[in-house]
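According to TrEMBL, the domain 'Nitroreductase' annotation covers 15-64, 68-155.
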Amino acid sequence: MQRKADKDINPVFLERWSPRAFSDEPITQEQILTILEAARWSPSCYNEQPWRFAVALSEEKKKAFVETLVKPNQAWAGGAAALIYIVYKKTYMQSGNPNEWAFFDAGASWMAMALQSQMMGISMHAMAGFKQQKAAELLGLSDDYAVAAAVAVGRKGDKTRLPEQIQAMEEPSGRMPAEDLLIDF
């Protein structure tokens, strides 16, 4: 599918999509740190910066990570060069009160990561399909932290490497018109 915006926007928004097929090309620690640097500059409520990142680059860590995913994601995510869990702190650092915006802020960090990686020729696929408790246990998280998303990272690969039932989904998706997203009040 050829994506086309209705308005004049930066092409990086149209070029970014979430593949499931990744090449065997490795991603370096330096590339991961560059992507996380972009996330570091994301906006957050009271500048709390509640996001944290657990990165799996080694085969051993990737294998443990994949075991926390739901079965459909296990079928392809292990082929990524790196896997990242986006974690967020559920309370404010100063007061200890619940931070109702931490999940939203973690989402902002994800978008910064996704756009930075796209500009580097690296793709990302965020997943909600993971076992929250199992992921938290793997990462050794205290009750003050939660996992927002799992992310597969790598260079796009050949979709024929995917299980046959997943290959058909391996293309950029369209979007609803902006006018349909407006709430009139």
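Glycine is no exception: its Cβ is also placed from the backbone N, Cα and C atoms.
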DSSP on the domain 'Nitroreductase' (68-155): how many residues come out helix, how many strand, how many coil? 33 helix, 27 strand, 28 coil
So what's the mean pLDDT when you look at the domain 'Nitroreductase' (68-155)? 98
By DSSP assignment, list the helix, strand and coil residue numbers for the domain 'Nitroreductase' (15-64), in that order. 22 helix, 7 strand, 21 coil
